[in-house]
């Protein structure tokens, strides 16, 4: 009995010792200490990106001292902590960005006055900062730390709160930080910081709701456009191309084609409108290629809809010209639509299964198209052969 108890005790001790290093690597407010520097009475385990903020505030001179800690999204990446004096997002914020020099391994801090996402170059902040430095946190999973003192603007000091933004990214190339992910945690990493620390139980407010709403709108935008430009338009084109070859399908194929394309257009316009709305709400975030293709798609698809009103009769002399125009614009919409769906997927960066599923759907439609193309040509050639072998009437 005693030996059995001893074996159980030793086994428990073994597993406890084995797991203890992993537990110690999980950083939090209570586990972080700083040697040789001042103490920070307030600390927040921020809700996203495994970030931690230690801070103190001297109301007599409106000085905010901070230590921001977070692991970069990839080894060799960067971290950033910022105050936005006017808004709640990254655009317009005054940022401190830390990264390690790849050749020396020394961590340093760069300041960025982020006017827009397309212009991320080192620049002076709109308020004073000093005692700025960066370091790699020992035994903290590759996390970086930013130390700084900030002169809080008078209007923010009077309110007792500042809008803080934090972020992590994959790397630095030629002195420029590489774009961070646009997934949920990266969009939710904003909030309000109580300078006095009197409300530690609610460290962040207003960030998650705004981020979740934006993600929801992006998802709606993506679904609408994938269904319209990326699915219904190709199916509508296939109906017109391959059903009309069967004489019994006339004029049913025409009404099916029009119904499918009109539905695709209506859904596509809704998706285009949500894209414009997202653009207006995301100051400084620009996806020029995706945006320009979207505008082009809306424009030529609208022309295609109006062209149906000017469709000449089959025996009209301009019907041939109209057919060339209609087919050319239609295939342009088809190609641009599929390209822009993939552009959108790369921006949304959803789970890999979504992109795989769309590729599978498009691949299936492509396979069906090849099969129907062969069938169509066989039918056409047989009809021509039958006509050529018919005896001429006397």
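Even glycines carry a Cβ here, placed using N, Cα and C.
Of all ranges given (199-219, 220-240), Swiss-Prot attaches the label transmembrane segment to 220-240. Comparing Cβ neighbour counts within 10 Å across the binding-site residues 221, 257, 326, the minimum falls on 326. When secondary structure is read from DSSP and collapsed to three states, residue 326 (heme b 2 binding site) falls in the helix class.
Within 10 Å of the C-beta atom of residue 290 (heme b 1 binding site) sit 19 other C-beta atoms, taking all shown protein chains into account. The CA atom of residue 221 (heme b 1 binding site) is located 24 Å away from the CA atom of residue 257 (heme b 2 binding site).
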